[in-house]
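What TrEMBL records for D:12-33, D:53-75, D:87-104, D:110-128, D:140-160, D:199-220, D:249-270, D:276-295, D:302-323, D:329-348 is transmembrane segment.
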Amino acid sequence: MAAPDAAKAPAIELRGISKSFGPVQANKDISIRVMPGTIHGIIGENGAGKSTLMSILYGFYKADSGEVFINGTKTNITDSQAAIAAGIGMVFQHFKLVPNFTVLENVILGAEDGALLRPSLAKARKELTALAKEYELNVDPDSVVEDLSVGHQQRVEILKALYRRAEILILDEPTGVLTPAEADHLFRILENLRREGKTIILITHKLREIMEITDTVSVMRRGEMTATVKTAETSPEHLAELMVGRKVLLRVDKVPAAPGAQILEVENLQVVDSSGVQRLKGIDLDIRAGEILGIAGVAGNGQSELLEVLGGMREAKGSIRLNGQPLPLSGAGADASARRQLGIAHVPEDRHREGLILDFHAWENVAFGYHRDEKYQRGLFMDNDALRQDTQAKMAKFDVRPPDCWLSAKSFSGGNQQKIVVAREIERNPDLLLIGQPTRGVDIGAIEFIHEQIIALRDQGKAILLVSVELDEIFALSDRIAVMFDGQIMGFRDPATTDEKELGLMMAGITDTRDPVSQEASQHG
Amino acid sequence: MDFLTLIQILDSTIRLATPLLLACLAGLYSERAGVFDIGLEGKMLAAAFLSAAVAYVTGSVWLGLLAGIGASMLLALVHGLASITFRGNQLISGVAINFLAAGLTVLVAQSWFQQGGRTPSLMGGARFEPITLPFADALSGVPFLGPIYGDLVSGHSVLVYMAFALVPITWWILFRTRFGLRLRAVGENPAAVDTAGVSVTRLRYAAVLICGVLCGVAGAYLATGLQAGFVKDMTAGRGFIALAALIFAKWRPWNALWACLLFGLLQAVALRYQNLDLGGIVIPVQVMDVLPYILTVIFLAGFVGKAIPPRAGGEPYVKER
Amino acid sequence: AEPALIYDLGGKFDKSFNEAAHTGAQKWAEETGETYREIELQSEAQREQALRRFAEAGANPIVMAGFAFGSALDEVADDYPDTKFAIIDMVTDKPNVRSVVFNEHEGSYLVGMLAAMKSESGTVGFVGGMDIPLIRKFACGYVQGAKAANPDATVIQNMTGTTPAAWGDPVKGAELTKAQISQGADVVYHAAGGTGVGVLQAAADEGILGIGVDSNQNYMHPGKVLTSMLKRVDNAVYEAFSAGTDLETGIQVMGIANGGIGYAIDENNEALITAEMKAAVDEAAAKIASGELVVHDYMADSTCPVE
Amino acid sequence: MDKMPRWADVFLIPLISLLLAAGLSALVILAIGENPWAAVKMMVSGALGSTYGWGYTLYYTTNFIFTGLAVAVAYHARLFNIGGEGQAMLGGLGVALACLYLPLPHWLLALPVAAIGAALFGAAWALIPAYLQAKRGSHIVITTIMFNFIAAGLLNYLLVNLLRPVGSMDPATDKFPEGTHLPTLHDLLAPIGIEFSKAAPANVTFVVALLACLAVWLLLWRTRLGYEIRAFGHSEPAAVYAGINPVKITMIAMLISGGLAGLMAVNNVMGEAERLVLNAVEGAGFIGIAVALMGRNHPFGVLIAALLFGFLYQGGAELALWTSIPRELIVVIQALVILFTGALDHMVRMPLERIFLSLRKGA
Ligand SMILES: Nc1ncnc2c1ncn2[C@@H]1O[C@H](COP(=O)(O)OP(=O)(O)OP(=O)(O)O)[C@@H](O)[C@H]1O
Ligand SMILES: Nc1ncnc2c1ncn2[C@@H]1O[C@H](COP(=O)(O)OP(=O)(O)OP(=O)(O)O)[C@@H](O)[C@H]1O
Ligand SMILES: [Mg+2]
Ligand SMILES: [Mg+2]
C-alpha cells in the first residue's frame, strides 16, 4: 500500500457486518468508517448490538458475513490474536483481568517475549513506567489486580492494549462503573491518546459524554446502524431521537404528590459484605405514603445493597420501621418472604438473576416469592389451577404478549418479562414498593407502560423507593431524589429545583462546595 | 518404635506416596487450568493395565510405560472433548471416565489373558527394578546416615525419583515460565487469556494432556514398579486420595509433596499395623484408611485454612460479553 | 448334569486357593472330556445369586471354594433338595451338602519345620490373609513346626486385613514382607490367597525365601520359593466333580493321612532342600499320619500353645 | 424461544445417547471376540425370559430407582450428590440395627420401621456434606466422594469388630429374625394366581419404590417445598429474592436425597440378603447417577431408566455366568451412558438443535 493512500484511508472500515445468535440477529448489515486520530462514539439502547459489533472487530466473535478493513487493508480477523496483530486493543465492559495476578503479570499475559517470564516482566516494568508518564496512567505494577479500584483496573486494561502497541482502542461503556471524577480522568487519558494519533471507539449510553469528547458518532438501533454524524453538527435531542426511532418524551405526566403518613423509616443502616467491605455506611431515609423517593448514583455505590436489605435479601445493622413497626434486620423474620408478608413488594434490579426463574412457566413465575400465599394452596399441595387463572388475569391486565401462561419465562422478550415481574409485585397491592432499574433493557413502549403503573401505584397512596442509574428516569418519576455515593446518602433534593449537574457532582461525592450554590438555585426556582 | 522400623515405614511411605504424588501433580496441571478432574483414578487404572499388559507381552517395561501413558492420555482426551470442546459437566465426565476404566480394563484383560481380569505376573525386564544410588553400599556401615541413605533414599525405582523431581519442575513451570503463567490465568479467568489472543482451548487441552501423561506414569508405576502386574481395581481409591491431597495442598506443588507424603505415611502405617497402639489408645486400621478423606473434609470445611480452588475451575469456558 | 464351581473373591487365578480349585476342575474336564460351569464372584452380595442361578440352571453338583459361602448355602440348600453341593473350608449341616475341611495345621507344621531349618537368622515370618480362625490355624501349625525344628526360632506374624479384600492385596503383602525382612526374617510363609503373590514377589526381590500355599507355587520364582504347603483343594474339587450327582454328603476331612495335605518338592526348589531337611520333615509327616504326633488345631479351642 | 420441541429433549436425546452407548459397547464386545447380537439375545432371555429373570431384573430396578431418585432430587436443587453409595451403605446399617435390635414380629411392622431406619441413616450420612455445602461452601461433590470412602471404612469397622456374631468368620451381621423377612413377589403374587419364581429376590420393596417415584413427583411439582427446591436449583440469587432460605433448601434436598439412597437398603439388605454384608450396595449408588441422567431427573424417567439398568444388570450377570464376557461389561455400558447423557450432552444436542432449527425455517 502506498503512503499517500494510507494517510487518507480510514483506520477502521467495516462493511456489511451481520451476526446472529440463534434466532436473535444482533447485527444487521452494518457498515462504518472511522478516521485515524479521532474519537468515534457509538450509542444505542440496551441490546442494540454495540458490544457485539465491537467484539467482532476484536475477533472475540466471528461475524456471519461482512468485511473488515484496517488502515485500508482488508484484514481477516479470525481471533483476538489477529486483532491485536492488526493494532486493535479493546477494553471490555466487564474487565478481562486475572484477579489474583499482579498488574505486571496481567499486562504481559499473552504478550510475553519468550518462554521464560523474568525478562518479559523486567521489560514490561520499564515500559509501564514510560506509558504511565506519557498518558497519566499510573498504577503500581506490583499490586494485585483484585485489590485495585475499578478505575485503576480500567487503567490496567488500557495499559494492556498500549503495551501491545494498539493504535486503535475500543472502549465499551467505560464510564458506567466510574465516578464522574474517574470518568474525567479517563477522558483526559483518551484525549492524550488522540493527541498521539491513536484512534478510539467509545461506546456509551451517555449523550453528555458523546457531546463532550467524540469527533463523530454512530447510532445503533435493534442491530442496525441508523446514522453516523459529526458530533459538532448534532444535538442530544437529535441523537436520542435517532436512538429510539421517534421523538422521546423525557417527562412522564403526573400530578404533584400528596404525601401522607410515614411508611418507611430507615436509620443508620449499615452493611458489611462477605469480603469485609462496608457497603452501606449509615443510611437514613424515610418515605411517605403517596410518594416516590428516587435514588440516584453511579452503579456500585450501595444502591443495590440498600434494596436488598429492605427486600430481605441481606442482613444489616441499624433500624428499619415500616408503618411504625420495627423490622428485624437479621436472623429469622429478616428474609424476603417475611418482608412480603408485611407488605413490601420488590422489583429487583436484575430480572434474569433474581426476579424470574427463566426455566419456569409463566404461571409458576407469577407466584414467585408469594408461593406461600394461602390462596395458592390446596391442602398439602399447591393449587396450580388458581395460579394459572391468576396468571392469565395479570397477563391480560398488563398486556403481556403473548398471553400464554405455559410459556417459559425465558421465551418472553425483556419488556414482557419485566411486565410479568411488575405485575406480580404491583398487583399484590403493597404498602411499599421497592423497584430497581425498572426499565433496564426494556423497549420504549414498555417503559411508558411501566412508568404509568408506578405513578398509578403512587397515586393510590403507596410508598415507592425507586433506584435507577438513569438520571432521566429519576427525574421523570421521583417526588424527592436522594443521591448515593460510597454507601452514604449525599443529600436529598427536590427534582423541581435541582439539575443533572448538581446531582452529578453529588454522585461523585462532592456536596459541601456546591451546597450554597444549589440552595441559590432552588431560591431561583 | 525403633530407628530401623521408622526407616522401614518411611521407606514404604516413599513408595506409596509416589503414585499419589504423580496423580496429584497430574490433577494440579488440569485443575490449575480450570478443568476439574475426578477421573484421576480411572486414568491411573487404565495406565496400570496397559502398561502391565504391554510390558508382559514385549518384556520391556519402557514400552509398557509408554503404552500406559498412551492409555491415560486417551482418557484425558475424552475428558478434554467432554469438558473443553463440548462444554459438558467436568464432574460427570470424570465419573464416567472412572467407570469406563474400571470396566474396560477388566474386560480387555479377561479377553487378552484369560486370568480373571488380571495380567500375568511380570518378571525381570518387564518391571521397574530398584536403583541403588552411588555409595549406598559404601555407606551402609555408617550408623544413622547409612540406613537413611542406603535404605530410605536409595533403592527405589526410577519413577520414584522422577516423581519427586517433578515437584520443583512443576513449580518452576507454573511460576517461572510463559506456559505456566497462561495456564494459571486460564484457570482463573479464561476470558482474560482469550482476549489476550491466546487460545483457551489449546491451553486447556495441553493441561489435560499433561495430566494424562502424569496419571499414566502413576498407573505404570503401580503395576510395574510397586507391584508386578495388573489386578482388577488395583488403584484402590488412590486417585481420590490424590485428589484429596491436591485440595489439601491448595493446588500448590510443594504443598502437594507434603500432602502426598502425609497420606503415604498413613497408608504405610495402615499397611504395617492392623491396629496402631498409641500408648493405650488403639487406632483401628480402618481409621487410618479413611484418615486422608476425613482430613480433607475437615480442610474443605475451612476450619483449618481455606482451600480456594482456581476460580474458573469446573466451568466450561463460554464467551461472554 | 453339568457340575459347577464358584470361586471366591480372590479370583480364579490367585495362584493359590482358587487356582487350586480351578486346577482340579480342569483336570476333571480334561480326563472326562466334559464341561463344567464356573463363575468368579465380584462382591459379597452375589454369593446367593450365583448359587441360585446354577441351581436353577440344573448344575449338579455345585462346588464352592471358600468358607464365606456358608451362610448363602444355608439359605439356598433347602430350596434345591435335589441338587448336591460341596463347600470347602466350611461345615454346613444340610442333607445335600458335602463339607470339605482340611487339616491345614498339619501341612503348615511341615513347612514351618522346613522354614526353621533353612533359616540362618533364626527368624521366620508368616503373612496371613484375612484375620479369621481359619488363617490362625495355618499360623499356629506353622509356629509349632518351626519351634519343633528350632526351639529358639522367632516367628513374626502379620495378618493382611479383616475383610475379604485381604485376599487380593499384593501391595500390602509385599509391604508386610519387607517389614518382616527388616526385622530379620529370611523365610516368609504366606496364607493369603492373591495377596501372597506380593509376598513371594517381595521375598524374591529382597533375596530371601518365600513359602507358597494351597497350590504348588514353587514355579513362581524358581529358587526363591522354599516350598509350598499343598492343600489339595484340586483333589477335593476333582473328587466332587467325579462323584457327580452321587456325591456323598457329610463332612470330609482331608489331612496328611489321606493325601489331602502335603508340601511340594519339584525341580524349582530341590536345590534348596537338603536331604536331611527332607528326612526330618518326612518323618514328622509319617508320625502325623499315624497319629503319633498331634499338631494342635487352633480352631478346636481358639488358642495356640506356642507364639 | 425453545430451540427444540420438548419431546426431543425428553426422549430423543436420551435415546440417541443410549444408542451411542450401546453401539460402542457392541464394538467392545466385538473387540474382545464375542458376538454382540448373541450377547443381547442372552441378556434378554436371561433378564426377561422367565419370572426368575424378571425377579432379579425388578430387584435391581428397585435399587436403582432409589439411588436414581436420590441423585435426581439433589440435582433439582443443583447439587450433584455422588454420595449415594455411602448413603445406601449407611441405610443398610440402619436397616440392620432396626431388624436386629428392635422387636419386629411381622413384616408389616418391620417394613415401615426398617424403612425409617434406612432413610434416617442415609439422610444422616448426607447431613455433614449438606451442612458443609450450605454453610461453608465446601464442594459437595468432593465431600460426598470422601464420605463414600469414610462410609466403607466405618461399615468395615462395625462389621468386623462389633456386629459380627461371635465365632463367625464373615464380616457380616447375624441373620435377621424371621419376623422381618419381607414377602417376595412370589409370596405377593401367589394369592392372585400368578406363578412367580420363588428364587428371585424381588420383593415388596419394589412397590415401595414405585410409591417413592410418585411421592417424589408430587413433592417436586405439586408442593411448595418442591417448588422451592426447583427454584433454588435454577437460581440461588432468585431464591434469596423470593425468601427461600438457601441453607435450608440445600439441607432439606440433601437429606431427602440421602434418605432415598438409604431406602435402597430395605430392598437389598432386608429384602434379599436378610443380613448386612460388606459392600452390599454393589455400586448401585453410582448407577443412580446414570439412571438420573438418563431419566432426565424426572421420577418417571428415573423409573424407566432404572428398569433399563435393572435389565442390563441382570442380563450382564447372565452373560458373566454363561459366556466369558465379564460382568464389567455393565460397568462399561454404565460409563458410556453417563458419558453421553451427562458429559457429552452437547455433542448429541448441538446437531439436533441445528436440525430442528433448519426444519422450522423450512416449514
Ligand atoms: N453470546 C450471546 N448469545 C446470545 N445472544 C447474545 C449474545 N451476545 C449478545 N446477544 C444478543 O445480541 C443482542 C445485542 O447485544 P449487545 O450486547 O451487542 O448489545 P449492546 O448494544 O451492547 O447492549 P448494552 O447496551 O446492554 O451493552 C442482544 O439481543 C443480546 O441479547
Ligand atoms: N397448554 C399447554 N401448553 C404447553 N404445555 C402444556 C400445556 N398443558 C400441559 N402441558 C405440559 O404438561 C406437563 C404438565 O406437567 P407438570 O406441570 O407436572 O410438569 P412440568 O412443570 O412441565 O415439569 P416436567 O415436564 O418436568 O414434568 C408439562 O410438561 C407441560 O409442559
Ligand atoms: Mg454492550
Ligand atoms: Mg451489553
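Quick reminder: no glycine exception, Cβ is built from N, Cα and C everywhere.
Automated prediction, rather than curation, is the source of TrEMBL annotations.
These numbers come from a predicted model, not from an experiment.
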Result, the transmembrane segment (D:140-160) in contact with the transmembrane segment (D:53-75) (3+ CB pairs under 8 Å) | no
Of D:87-104, D:249-270, D:329-348, whichever stretch has the most CB pairs under 8 A to the transmembrane segment (D:12-33) = D:329-348
Best-packed against the transmembrane segment (D:249-270), counting Cβ pairs under 8 Å over D:87-104, D:110-128, D:199-220, D:302-323, D:329-348, is stretch D:110-128
With Cβ distances under 8 Å as the criterion, find the stretch in D:87-104, D:276-295, D:302-323 that has the most pairs with the transmembrane segment (D:110-128).
-> D:87-104
Do any residues of this chain, six or more beyond the ends of the transmembrane segment (D:302-323), have a C-beta under 8 angstroms from a C-beta of it, and if so which?
-> 14, 18, 34, 39, 42-48, 53, 56-65, 68-69, 72, 209-210, 213, 287, 290-292, 294-295, 329-330, 333-334
Other same-chain positions with a Cβ less than 8 Å from the transmembrane segment (D:276-295) and lying at least 6 residues past its termini are 14, 17-18, 60, 63-72, 75, 82-89, 92-93, 95-96, 148, 152, 155-156, 159, 163, 170-173, 261, 264-265, 268-269, 301-306, 308-309, 313, 331, 334, 337-338, 341-342
